Amino acid sequence: GDASHAVDHPIGGHPEHEHDLREEEGPLIFPMKDLPGTPGTVGGLALRMGQFIFAAASVVIMVTSDEFINFTAFCYLAAAMALQFLWSFVLATIDVYALLIKRGLPNSILLSLFVVGDWVTATLSLAAACSTAGITVLFDKDLNYCDQMHCRRYQLSATMAFFSWVLIAISSLITLLLLVSE
C-alpha cells in the first residue's frame with residue numbers, strides 16, 4: 001500500500017513513473033561558457049600561453065640560424081610566428097585581466113574578433129610551418145644540403161610552429177562554439 005511505497009522507493013516515485021520525470025527535465029545540456037579553454041578562464045590562458053611560448057621558440061630557433069634570411073619560406077615562418085606571438089600574448093593578457101576581475105568575456109563582438117584573429121593567425125601559422133617543413137625535407141632528402149645547413153634547427157622551428165598552430169586551432173574552435181551558442 002501507501003506505507004510500503006515510501007519504504008520501497010524512498011528517493012523518487014514509483015519506477016513506472018520515472019520515465020515521465022525524465023521527459024519533464026529535458027535533455028542534459030552542457031553550457032558552452034563552461035567549456036574548458038574558453039577565453040577569460042585558466043584553460044583559455046593556458047592555451048594562449050602555449051601558443052605564444054611555442055611561437056616564440058619557433059622564431060628564436062629560426063632567427064639564430066645564419067642562412068634563414070636567404071630563404072623565403074624561413075623568413076615567412078619567422079614573420080608568421082612573430083605575429084602569432086604578438087596575437088597570443090595580447091589575448092593572454094586579456095585572459096589574465098578577466099581572471100583578475102573574476103569576469104568572463106561574454107561580449108559577442110569581442111569573441112567575434114577573437115575568432116577572426118585566430119583564424120587569420122592559424123592560417124598563416126599553418127602555411128608557414130608547412131612551407132618550412134617542405135623546404136627542409138627538400139634540402140635534406142633531395143638536395144643533400146643539410147650537411148652545410150642547419151636543417152635540424154629548421155625542423156625544430158617548424159615543429160614548434162605546428163605545436164603553436166594546434167593550440168590556436170583549439171582556441172579558435174572553442175571560441176567559435178562559444179560564439180554560436182550565444
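Heads up, the Cβ atoms here are built off N, Cα and C, so glycines get one too.
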Thr38 / Val96 share membrane side in Swiss-Prot: yes
Cβ neighbours within the same chain of Asn70 (N-linked glycosylation site) - under 8 Å, at least six residues apart: none
Helix, strand and coil residues within the topological domain 'Extracellular' (130-159) as assigned by DSSP: 22 helix, 0 strand, 8 coil
Residues in the topological domain 'Extracellular' (63-73) grouped by DSSP into helix, strand and remaining coil: 6 helix, 0 strand, 5 coil
Average model confidence [pLDDT] within the topological domain 'Extracellular' (63-73): 92
